[in-house]
């Protein structure tokens, strides 16, 4: 948003306020100044008046002018096409140093002496406003011939660019910024009202009729002007050039100027286009179009969409004749929602309408009409034709205590009331310390009591609020989400430390492959409607297929040993999500080296089990048949941790290994949510020596070790610390039996165990095995 000091001064008196203070104030009230630039016309450049103008005898494009510069009359040769007698101009006198460094000196042009230069805007350091010299008019205020141009506020000004947030549409105008400054400086906002003498003017109702649908949710107002010899004044041309935005016609430029100044969205229409043939009554209808937008129509043609765009055909391209001036307002939330639903092309007015334009339509119309009447012989039709739909007031209630608690400081009630009043809030219904606040229509961003307090803090100034230490009691900041995240990171790190590389896949898989191997698939009603590709046409119910493909790709790329893992989401037939972890080990058990003479052995079940144990800790394996067909029928087991089933481990079926060009391959899939995540707790250890004893027992080959383990665990031998298998043996002499060697570790917390105590403990275990399972020592 671009503003200038002189333009702001039209709406609020800042003549005694320095630019530095103005900028600091804008920043302090939340209107952040993005940049500031100043310009001042050099010395010895004065106002002049062309007394006489005649053609140069030896040059068609040059004119010889007699120019009054106050102290004397100077002869100046000028080549501008718009120079003429009676014109007030800007003259660079002898000795003036121009912005580009040129020094004005007496010269002779085609035999004619010239003492000075009649200047264009660009030549004195202003923005380029036209192709000729500056034409001075009354719009710049009072001036005297011969007076230094730099003494006029328009020729010595500051241009300030303010960076606005999207919710501050109320400051997308000079008047809007001035309104905030009036509250900050406690100065009144200047209003521009037109005193119409209705009896002397032709009523607009004689030339315009308006019909409309009900409940359109827009406010719209029309004025009619019969333009005669409209010429944009210098001040308008200069300011539009500073905005770097000028329209092709003077009328369109004037609408842009008045909109930027007042904040009201203004449009101009060619009156003749609204009249039927041989009729003088223009007819406008306002209705919703097929997309639900409030649209201006005439003769079944769309003229414009309120707050969005205007058809080029109905724009004004001339400066004479009757023109309809339209002022509109539509709530920003309404127009923004409509535009999100219907992606239609938008004009420049949408930017302002979607952020919140000025709802006081008279402000824009009065400002525009005053510029027209001051700078042309145009006549304005009396009255307006309008649709004025009421918009519900936003009322916010809060009390003094709430304000103080949010701010963290005690602010005087009278000061609060004054700030809110200066900002346009109505507090007349407030009682005692209870504020009942009616939000002004132009403040679309105010929706709750926190917004009200923010307005108070803006005007008080954050630097003027004393700092207070924040007192609080530290609580446990770790949530279940953190522990879930920590668990996932921990297991991923353990897998990486064990030599596995992480593999990451989409949560999609190929339905045909899942069905082929007997995995669960989505119910038909839950399937994907628009798959990315045919090979990713469903949600995965297992991580195994993805790891299998990744391993095959690595083997095909020349790797002889592949170890991968993945932690990710899977879905059951009802699209219910769960988390799983899977690991795969394929090919050589280790890299080629001198130790294995370059011929490493293949991975086996025991090695893979040990690798998985390094990741998830100790576990038991129990006999198990998988529900899918990826598994080898005789090399698969169920994994238990503390009597809880957490997953399965198996060798890949030889047919599947062959299909994917894999060597010996083992896989494991775990229910991640069932994996332990307990904090490690310290256990007391005995200071006395431990004793080791080995027992070799004869047992049937088909007997599960689990039975042996359960009997030993239940033997109630308190000295037994742990036990584990160290060897197994079978030969013909044992027949259908085998020998299993188990090592026992015995230890007491009270003393060093004596031989008799150790023997009694081992006998207790042997007796339990014999009585319950019928097995004994070899």
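Backbone N, Cα and C atoms are what each Cβ position is placed from, and that goes for glycine too.
Mean model confidence of the domain 'tRNA-binding' (39-150) amounts to 92 (pLDDT, 0 to 100 scale). The domain 'tRNA-binding' annotation in Swiss-Prot covers 39-150.
What Swiss-Prot records for 391-467 is domain 'B5'.
The Mg(2+) binding site annotation in Swiss-Prot covers 445, 451, 454, 455. Secondary structure from DSSP puts residue 454 (Mg(2+) binding site) in a helix.
Swiss-Prot lists 686-778 with the feature domain 'FDX-ACB', giving sequence analysis as the kind of evidence.
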Of all the binding-site residues given, 445, 451, 454, 455, which residue's CB has the most CB neighbours within 10 A?
455
Which numbers of helix, strand and coil residues does DSSP report for the domain 'FDX-ACB' (686-778)?
31 helix, 32 strand, 30 coil
Any further residue of that chain within 8 Å (Cβ to the Cβ centroid of 445, 451, 454, 455) of the recorded Mg(2+) site:
443, 446, 450, 452, 453, 458
Using DSSP, how many residues in the domain 'B5' (391-467) fall into helix, strand and coil?
33 helix, 14 strand, 30 coil
What are the DSSP helix, strand and coil residue counts for the domain 'tRNA-binding' (39-150)?
8 helix, 47 strand, 57 coil
